[in-house]
Amino acid sequence: MKFRDIRDIVDWNVYWLLFMLAEFSLLAALPYAITMSGDALYDMAMAIPTILAAQFARSTVIFLVGIFTGLYLGKKVGLKTPVLSSLFEDRSLPSDFKSSFSISVLYGVIISFLIVILDTLVFTRYSESLLLYLTTPPLWQRFLYSFYVGVTEEVVLRFFLMTFLVWITWKVKKNSEGKATDAGIWLSIIMVSSIYSVVYLLFSREMMDPTIIMRVAAFNGIASMVFGWLYWKKGLEYSIISNITATIMIFVVFGSLVH
């Protein structure tokens, strides 16, 4: 393969911008993550810098592979990054940018209200408030962590995993335009939502109260459906915007009201 061919595989400008954004989001999450881990982090056999370096390296590899997968397979199945692509192609922003941006923010706000209402009116009857638990760290840590959640979840779950699953369904059946079918995309959205909830349950079962874990997994599953739809219909940037909006509303706005 010639060097020119390698350069044309994906838009490397978008690739490296997304990668740097994801890496910076990891750094932004550290203060919140350390605070929430409490004594558990100090009880581990390895030194804290070693643990953090290992987790950072693992996430970096996932980002490198995931972003490439999203760009490369996304072109085939019709999933895109319209805003970033327009910037690097010296084009104006997409004509629907303002409306899509507004919809993304609105959906993020609605999701946050839904989660807080369900947590407050329903689940707190059986266990402590999820909102109180998640918003224990200082405001500045919660604010930075919101960007980590919004960027990392969308890059890994939507851009990487969802795109890969949509590509599999596309290989099985295409629509008349040669893109993935609606049924295939919805199946992928549901699968990503389910996988995320199950993985969260498995990896958090020894660190958090079981009722809180199940609640977080359920809420993440619901939100994942909306973010998946936004990625499909609007583009990755809008699912990131919506996710960040929802997380800021929960961790910063509502969190400040209960502390």
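Glycine is no exception: its Cβ is also placed from the backbone N, Cα and C atoms.
Because TrEMBL annotations are produced automatically, they should be read as predictions rather than curated entries.
Worth saying up front: this structure is predicted, and the values here are computed from it rather than measured.
Beyond its flanks by at least six residues, the transmembrane segment (12-34) meets 41, 52, 56, 59-60, 63-64, 67-68, 71, 81, 84-85, 88, 137, 140-142, 144-145, 147-152, 155, 159 of its own chain at Cβ-Cβ distances under 8 Å. If you look up TrEMBL, you'll see 12-34 (among others) marked as transmembrane segment.
The annotation transmembrane segment is assigned in TrEMBL to 46-73 (among others). Sequence-distant neighbours of the transmembrane segment (46-73) (same chain, 6+ residues past either end, Cβ-Cβ under 8 Å): 9-11, 14-15, 18-19, 22-23, 26, 30, 79, 81, 152, 155-156, 158-161, 163-164, 166-167, 236.
For 101-124 (among others), the entry in TrEMBL reads transmembrane segment.
Residues annotated as domain 'CAAX prenyl protease 2/Lysostaphin resistance protein A-like' in TrEMBL: 138-242. Across the domain 'CAAX prenyl protease 2/Lysostaphin resistance protein A-like' (138-242), DSSP classifies residues as 88 helix, 2 strand, 15 coil.
Beyond the ends of the transmembrane segment (155-172), by six or more residues, the same chain brings 18, 22, 62-63, 65-67, 69-70, 73-74, 76-77, 79, 179-181, 183-185, 187-189, 191-192, 195-196, 224, 227-228, 231, 236, 239 to within a C-beta distance below 8 angstroms of the stretch. Annotated transmembrane segment per TrEMBL: 155-172 (among others), in sequence order.
According to TrEMBL, the transmembrane segment annotation covers 184-203 (among others). Residues 157-158, 161-162, 165-166, 168-170, 172-173, 213-214, 216-218, 220-222, 224-225, 228-229, 232 of the same chain lie 6 or more positions beyond the ends of the transmembrane segment (184-203) yet place their CB under 8 Å from a CB of it.
Annotated transmembrane segment per TrEMBL: 212-232 (among others), in sequence order.
As annotated by TrEMBL, transmembrane segment applies to 238-258 (among others).
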Distal contacts, the transmembrane segment (238-258) - CB-CB under 8 A, six or more residues away: 100-101, 103-105, 107-109, 111-113, 115-116, 129, 131-132, 134-135, 139, 142-143, 145-147, 149-151, 153-154, 158, 223, 226-228, 230-231
